[in-house]
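Enquirer: Structure incoming, see below.
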Amino acid sequence: MFLPRPDFRIALSICFMAVSFVISRFGSEVRPTLLLALPLVLGHVSTGLIGFVLNVIAGHHSTVTLAASTIGTALLWLPMLVPMGTLISLTVLVSQLHGAERERDIGPLFRQALWLAMLLGLVMFTFLSVVPALLPLFGIVPDIVPGAAKFLHVVRWGSLAFPLYFCMRYFCEGMHCTFPTMLLGFGGLLVLVPLSYALTYGRFGFAEYGVEGLGIATVTVMWLQAVVFALYLWRSRRFAHLQLFAHLELPCWARIRDLLNIGLPIGISILMEGGLFIVTTLLIGRFGTDEIAAHQIALSVAQLCFMIPMGVAEATTVRIGHAVGRCDLLVMRRVAWAGYAIVIGTQTLSASVLLLGYDVIVAAYTDDLVVASLASKLLLFAAIFQFPDGLQMLSSGVLRGMKDTRVPMLLAMISYWGLGMPLGLGLGFALEWNSRGMWIGLIIGLTAAALLLGWRFRVVSERMFAGIP
């Protein structure tokens, strides 16, 4: 049922040699980045563990429940990616204002970002209200559609809480304050685990809601995290001088436009990448319940691994933004290379875990032998794309800190939708490789993005050093 483990010692040796070389030259920047990134990574890991827990609970409830939650979660993430990406502009601008010692401008900027977050939440709610009626049009197996629709009808009520939480989180990260993200992430996990279990299986006096229970638990955690974060910022002495909630401001469209000019290309870039995975999930739904369940197992593990380079990339964005605000280009470049060294190291570790322990990982999700066999094969593909996935994420973070967002958006479109998706469709459907073909498309798209974004970083940094705008 399971594949033999390959000998990858040579590849590991090359990766560790590369990391050692970069650290020897830029090691002084590795430690500050790690200190800033660690709470972010742990916060992201807690988010990934939430997905892991939900999938384990759904998978042991039934294969249909897991498949329905997979489709529902995929369609939930589609609108969530836009506010996640767009509001990153707040981190970029706050870090640069902080670096330039213009803190009096941070409070007004934050209040306008809250208006933008509410607007994005309204868009998200509208999408999640409409899309359940369109599920039959996607060609998904009919058994999955009712559960996915119920899940989406429930989770839409968290549409406002989600962007507000990220708005507050990105503000904190721009101010080099990353511990709230970690604490709220694990706090949400502690609430979600027992609540989702109770609502899905009907334990502790609750009725058995099945996949709807997963949605109810998710919405509850979204609102708890948003409310607690708001209370923290309101009461925190660290940010008292910024007067974040000193008064209510009407929307200032000029400031909101500034946020959108930087953030919308980031949001579209993230949508391009996330959309590739989401559409891949919907297309694999055509191959049957076993294929989609196996895909979700492999994807959730890959997403958990992805949380590490994501946290490192966000920390790198903040540090580069701070350096740009101080006009310190040498530090900017050193911070970027330190980020690459860290990511190569983390992705080597992630790939090693997947290659060595895929059978143990799959066993934690399901005891269905057919699903387990398919998932174990897909986890090997997940191990392969750890490197391009981490490197493209880090390059994106570096470019965001440099306020270069529009060209990376175009490069993301080319990589994911000009290369990855067409190849995945050809291999998955034309050659009938099913989910394996679609995953090869993912690997090609991520590899292209890693190469193109790395090239873009080189071009932009050389222009900045030459004084070319």
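The backbone N, Cα and C atoms fix where each Cβ goes, glycine too.
The transmembrane segment annotation in Swiss-Prot covers 10-30, 34-54, 74-94, 121-141, 179-199, 214-234, 264-284, 292-312, 335-355, 369-389, 409-429, 437-457.
Could you tell me the structural context for the features on the list?
Expert: Sequence-distant contacts of the transmembrane segment (34-54) (same chain, six or more residues past either end, CB-CB distance under 8 Å): 69, 73, 173, 176, 178-179, 181-186, 188-189, 192-193, 196, 214, 218, 221, 300-301, 303-308, 310-312, 314-316, 318-319, 342.
Residues 106, 109-110, 113, 116-117, 120-121, 123-124, 127-128, 131, 148, 151-152, 155, 159, 162-163, 166-167, 170-171, 173-175, 258-264, 266-271, 274-275, 277-278, 281-282, 314, 317-318, 321, 400-401, 403 of the same chain sit 6 or more residues outside the transmembrane segment (74-94) yet have a Cβ under 8 Å from a Cβ within it.
Remote same-chain partners of the transmembrane segment (179-199), defined as residues 6 or more beyond its termini with a Cβ less than 8 Å from a stretch Cβ, comprise 39-40, 42-47, 49-50, 53-54, 57, 165, 169, 172-173, 206, 209, 212-214, 216-218, 220-221, 224-225, 228-229, 232.
Under 8 Å from some Cβ of the transmembrane segment (369-389) lie the Cβ atoms of residues 1-3, 63, 290-291, 293-295, 297-299, 301-302, 305-306, 309, 344, 347-348, 350-351, 354-355, 358-359, 361-363, 435-436, 439-440, 442-443, 446-447, 449-450, all in the same chain and six or more residues away from its ends.
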Enquirer: Any chance you could find the range in 214-234, 264-284, 292-312 with the most Cβ pairs under 8 Å to the transmembrane segment (437-457)?
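Expert: Per the Cβ count, the answer is 264-284.
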Enquirer: If we skip the immediate neighbours and take only residues 6+ beyond the ends of the transmembrane segment (214-234), which ones have a Cβ under 8 Å from one of its Cβ atoms?
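Expert: For the transmembrane segment (214-234), the nonlocal Cβ contacts are 50, 54, 57-58, 69, 72, 150-155, 157-158, 161-162, 164-165, 168-169, 171-172, 180, 184, 187-188, 191-192, 195-196, 199-200, 244-245.
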Enquirer: Which stretch, 121-141, 292-312, 409-429, tops the Cβ pairs under 8 Å count with the transmembrane segment (264-284)?
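Expert: Checked against 121-141, 292-312, 409-429; highest Cβ contact count belongs to 409-429.
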Enquirer: Do any residues, 6 or more residues outside the transmembrane segment (121-141), come within under 8 Å Cβ-to-Cβ of it, and if so which ones?
Expert: 67, 71, 75-76, 78-80, 82-83, 148-149, 152-153, 155-156, 159-164, 282, 285-286, 288-289, 292
